[in-house]
Structure formats: C-alpha cells, structure tokens
Ligand SMILES: Cc1cc2nc3c(=O)[nH]c(=O)nc-3n(C[C@H](O)[C@H](O)[C@H](O)COP(=O)(O)OP(=O)(O)OC[C@H]3O[C@@H](n4cnc5c(N)ncnc54)[C@H](O)[C@@H]3O)c2cc1C
C-alpha cells in the first residue's frame, strides 16, 4: 500500500518564509491569514487528506466508476462519504468569496488544499477541481440572477460543476464545435449535441451538477468567434432554489482510460436540454478562458502532486531495499547489502525529484499569490504586474509542471526497479495518473504555443520584460553566501539564454511562423527552468539567512541550500541546449513530405 504524508513543514516554509503571506495583511482577505491561522489550516488539511482521502486512492483506481443500466453513475466505494466530510469541513470554501458562503481567504490557501487533495488522490480531487473552474466563470460572466441561483450551493460543494468543451471531432480547435443552442420563447436555450471526455460528467457525490457547456446559436460564425457558454443543470433549479425536473442530459458511457479511474470521464448527450446563456452571445471563448486559466493552474499543480506522492514512495523504498554496495565501500557491513539509497544513480533521481517538487511548490504558491495580487494589490500598477506575470507563467506552470511531474513519477517507478512495474505496489498508478495532466486543459504543445504565440507579444512584450527585470534584480542583490552567489550566477546565465531565445523569435518568427511553432516547446521548458531558478534563488536567500540567524531547524535549511545548488549545477545545463533548439528554427521539422516521414 503506497504511503502519503502531507508536506506541511515545507508548505509552511513557502507560506510564512518565502512568499510571506503575512506581509500582505493590509489587503482585503489577507487580514485574517495570520501565520497562526494559516499554519492551523495547513496542518488540519494535511491530516484530513492523509487520513480520509489518500486511503481511497489505490482502491478507487482498482474499482473505478460505474454506469448503471438506468444511466446513473456511481463513484468508487468510500468516495461519497469522503466527499461528505470534505463539504462538512468547508474545505472547498477556503478562498471562495464570502458573498457566496466562502471564507474569503487568499487564493494561496485554496491552492494548498487543492494540491493536497490531488497528491492524496487525483481522481477524487478532480470532482471539486472542475467545479472551481465553473464557479470562476459564473462569478466573472454570470448575471446576478445566475450568481444568486447557482453559486451559493456550488461554493459550499453541495452541487458540483463540469466543463463541457470537447466533442468527438474537436478538442484543441473548439471553433469547430457542433453542439447547438436554439433560443426558446422563455429566454432559455435548447441544447443538443454530444460532448466527450467530460471529467466528473456524472456521479453520486451531489444531488445536482451544474454543467457549463459550449454551444453555437443559429447563424453563429463557424469559428471560435461563434461560441457561446451555457449553464445546463442536471436538475432544473426552481426559482425558490428547490430542484425541479431532470434536464435532457444523460451519460452515454464512461470512457475506459489509462489512469484516474476514480473519476468518471463521460460521454454526455444533450438532447434539447434546457440551458441559460452565460455572458454575451458569441463571447463564450472569453468565459471559457476564465474557466481554463483557473483549471490550468490546477492541472499544473497535479504535476507537482503526482511527483510528490511518487517521491515519498520512491524515497521510502530507496531506504528499505537492499542491493549491492556503496561505491565507497559497504555502508552497512553487518548486512549482506546496502540500501539502494547509497547508489549515486538512485540519489540522482531522488535529488532531481526533490529539487523539482520543492521548487515547483514555491512557484505554484507564488503564482497563486499573483492571482490574489492581480485582484487585490493596493495600486493599479501592482495589480497589472501580478496579472502580467501569472498570465505569462500559467502555460509554463501547466506545461513544464506536468512534463516534470510525469518524469518524476516515472523516475520514482524506476527507483522501485521491477517492483515499480507490478500493479499491487501502486507506483504505476502515479505514472498513469500523472500522464493525463500533460494532455487535458490544452495539451502541453498547445500551452507552449499559448506562451510564445499569445503571451510573449501581448502589450508589446510587457510581461516577459517584467519577468526578465524581476530575475535581473533578484540576481543582482549583493550576497556573501557562496550558495546564493552560485545560484544567482547560474540563474543570470540561464536567463540570458531565455533572453537570447526571445530575441531570436522576435527576429525570425514574422518571416516564418513555423520557426515560432518549432521552438515553442523548447522555449516553454527553458522558461520553466528559469522560473524554478527564481524560486530556488529566493529560497536559498531565505535559508542562508535562517542559518545565519541560528535557526533551530538547521538541517531543513541546509537541505534547501543543497537543493538550490543541485538546481544550479544540474538543471541549468539544459538552458543553452534549449536556446539552440529554439534557434534551429523550423527548417528540419517542417521539411519532409508525408511520404518521406514514413519509415520505408
Ligand atoms: C481523461 C480526460 C479528461 C478530460 N476532461 C475534459 C473535460 O472535463 N472537459 C472537456 O471539455 N474536455 C476534457 N478532456 C479533453 C481534453 O481537454 C482534450 O483531449 C485536449 O484538449 C486535446 O484535444 P484532443 O484530444 O481533441 O486532441 P487534438 O486537438 O486532436 O490534438 C492532437 C495533437 O495535435 C496537437 N495540436 C492540435 N492543434 C494544435 C495546434 N494548433 N498547435 C500545435 N499543436 C496542435 C495537440 O497538441 C496534440 O498533440 C479530457 C480528456 C481526457 C483524456
């Protein structure tokens, strides 16, 4: 049975010492986020997910979800009771607006809970996770009546929500959707069409499910400019809030899939279902991006989540499993063999993983803080800066974060050797569950294109220039600490490679857009490495200062400095190679004909 312990000490380090949530106490919602309060939430959230949610991960994977002959769907044994406890504990309400029954705490706290849930059980976490995207869209674009009708119960978790974008013939290119929305005399729309791959499409966790559905009204342009967004409840909600008749939406089937078996991925049939438009006609794409941006950060955290749980199990195994002897001579001469943790190659995988996980946690929570600041910072300039940074880095957190999450999960499976491949040990589940995060919410290739095709050039490159300036300033600070010096020097160099790659795009993408597309992935990876470096430089500074101040927990801070050096000496070596990949352009990538691509 795999183990899981919530990393509360490291989370508190990021919240209290790195991003210093307390220092924003003058902003609305932050005043109650004192260290006492946030520490208590972190500890209790950790206890809840470790005791209630994690034990259902392996069993949920084995049992999966069931569609019954009457079309109803049930989740794996234990999910319903665990979800009840989740709602009763108010865990989904941490960062939701107080106006709808939320606790109004900073986004950072909601992100921590979301991440803990996904580490303990990604399939389970996706039920409330998808609802968060739907809630964000209704808050941003819903009418006051829609907000009053749906949000209070969605925020408390009494009802869950879904996102219905994908259709059999279109996933990335949503401009092609065929689902139709016919206006009705009563102001509603009749929604007809088929959506596939809908996460949490149906289940037995809540009495109602609020589907957000993309569809086209009659005569709408045949492109993404013709998409509108609709609320389609599973059960119609009466004006007094009670539930009315069952709507014309049903589950055709549950997809058989590689992982996240505990989450019902459904084919949804809309058969003249009653829907209500959210926002303006043909402006569904803007609303959709609100859902997707919230969801993309959440999916980036899933990469971190699977890496984290796989790492805990990889480390435990490396300490226990005995094979061979340390290169420097027996570490445990009394035993017939040493634990495999003595082998540098096993250590390589563990150190790569730990460095990614702790760096990524910092990046995700710093990113969550930018979301908060983009709404609540004191000045318009600060709000804009935060918005620029999080918009720029959302595809990086999603794309790089999930690529690395998958890599770490497979590395930890590798630490288990052949036993990692045997299903009963559970390491394969982490790999299978991690894999989907690279695909949904826009594939990682599409994230890379979002970064270079949209985000780089936006507002004359304001966001990327702000990012460069942030890193330059961080690297330029004087220090006497050798680790901080090393990390600053390597980060400045990697940032230089990123600047050069950016410049190359500016000079070569207009002439041939394939140059942009061909280099996008390498550029996203390079930005990911640099972003992680920014976090490691900041963490190294905090750790060095804590040690100089005589911190009690010296070993914790020393480990931070070692990981910072690991980032500086091992992660940055790729930076130059990635820049050169960008500069190679699209020539070889686009040269061959389909016939030449076939291997004769
Ligand atoms: C388990 C699971 C759960 C899901 N949950 C949901 C959900 O809740 N709601 C929902 O609406 N959808 C959901 N999806 C759908 C998911 O978001 C899509 O599968 C994904 O966006 C990719 O679309 P596609 O599968 O049609 O691939 P395609 O769009 O056909 O892409 C195929 C390949 O082409 C590449 N490609 C396509 N267009 C471009 C481009 N312009 N530039 C560069 N490369 C491109 C892609 O990167 C990919 O490698 C889910 C999918 C799965 C498997």
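Placed from the backbone N, Cα and C atoms, the Cβ positions cover glycine too.
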Stated TrEMBL location of transmembrane segment, expressed as one of 466-483, 484-501, 502-519, 520-537: 520-537
Segment confidence, the domain 'Acyl-CoA oxidase/dehydrogenase middle' (163-271), expressed as mean pLDDT: 97
For the domain 'Acyl-CoA oxidase/dehydrogenase middle' (163-271), the number of residues DSSP places in helix, strand and coil: 6 helix, 54 strand, 49 coil
Tally of DSSP helical, extended and coil residues in the domain 'Acyl-CoA dehydrogenase/oxidase N-terminal' (39-158): 88 helix, 4 strand, 28 coil
